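Q: Residues or ranges marked as domain 'dUTPase-like' in TrEMBL: 19-147. Per TrEMBL, the feature substrate binding site maps to Arg68, Ser69, Gly70, Asn81, Thr85, Ile86, Asp87.
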Amino acid sequence: MTAPITIALKRLPHGEGLPLPAYATDGAAGMDVVAAEDVDLAPGGRHAVATGFAFAIPAGYEIQVRPRSGLALKHGISLPNTPGTIDSDYRGELKIIMINLGQDSFAIRRGDRIAQLVAAPVQMARFSEVPELDDTVRGLGGFGSTGVKSG
Ligand SMILES: O=c1ccn([C@H]2C[C@H](O)[C@@H](COP(=O)(O)OP(=O)(O)OP(=O)(O)O)O2)c(=O)[nH]1
Ligand SMILES: [Mg+2]
């Protein structure tokens, strides 16, 4: 296990009293984050749920916002943009964009764990434009091209 990075966090006024995002167990990959507001999500509805926190993620890292499987399995609650990307230069409030894919209305209450945050390194890249690409076995094949028997 690599040493944890330190992420500066600012508690916003409406985040008063909420727990910091935290790992539920020693081996958890994601830190559970809780809602800072009450929201009733109708079937098919979506909402950017306040968390009450803002961050300064160190350069070279991101936070990925991922759904919780329990909410997904039991209630059809997910994130339409999963994994959400929190940029290192974002200083606004972390919001969790939630969608209700279930058939019943779902009540999110302040303090409920609604998503999990995974800190990850970011490999920066740049493009080099070329006239031709090199040949490969796959070539132009994609979208289910492998393992298809011909004849
Ligand atoms: O689930 C999310 C996703 C994004 N953000 C914030 C942090 C992120 O750094 C910023 C921009 O996100 P993204 O790049 O995914 O959105 P965009 O549609 O490309 O907006 P922008 O033009 O602001 O980058 O919005 C959240 O709070 N929650
Ligand atoms: Mg963007």
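Including glycine, each Cβ sits where the backbone N, Cα and C put it.
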Q: Give the subset of the binding-site residues Arg68, Ser69, Gly70, Thr85, Ile86 lying near ligand 1, defined as CB under 6 A from any of its atoms.
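A: If the test is a Cβ under 6 Å from any atom of ligand 1, the answer is Thr85, Ile86.
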Q: I'm checking region-level scores; what's the whole-number mean pLDDT for the domain 'dUTPase-like' (19-147)?
A: 98
Q: Helix, strand or coil: which one is Ile86 (substrate binding site) in, per DSSP?
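A: It is in a strand.
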Q: Tally every other Cβ atom lying within 10 Å of the Cβ atom of Asn81 (substrate binding site).
A: 12
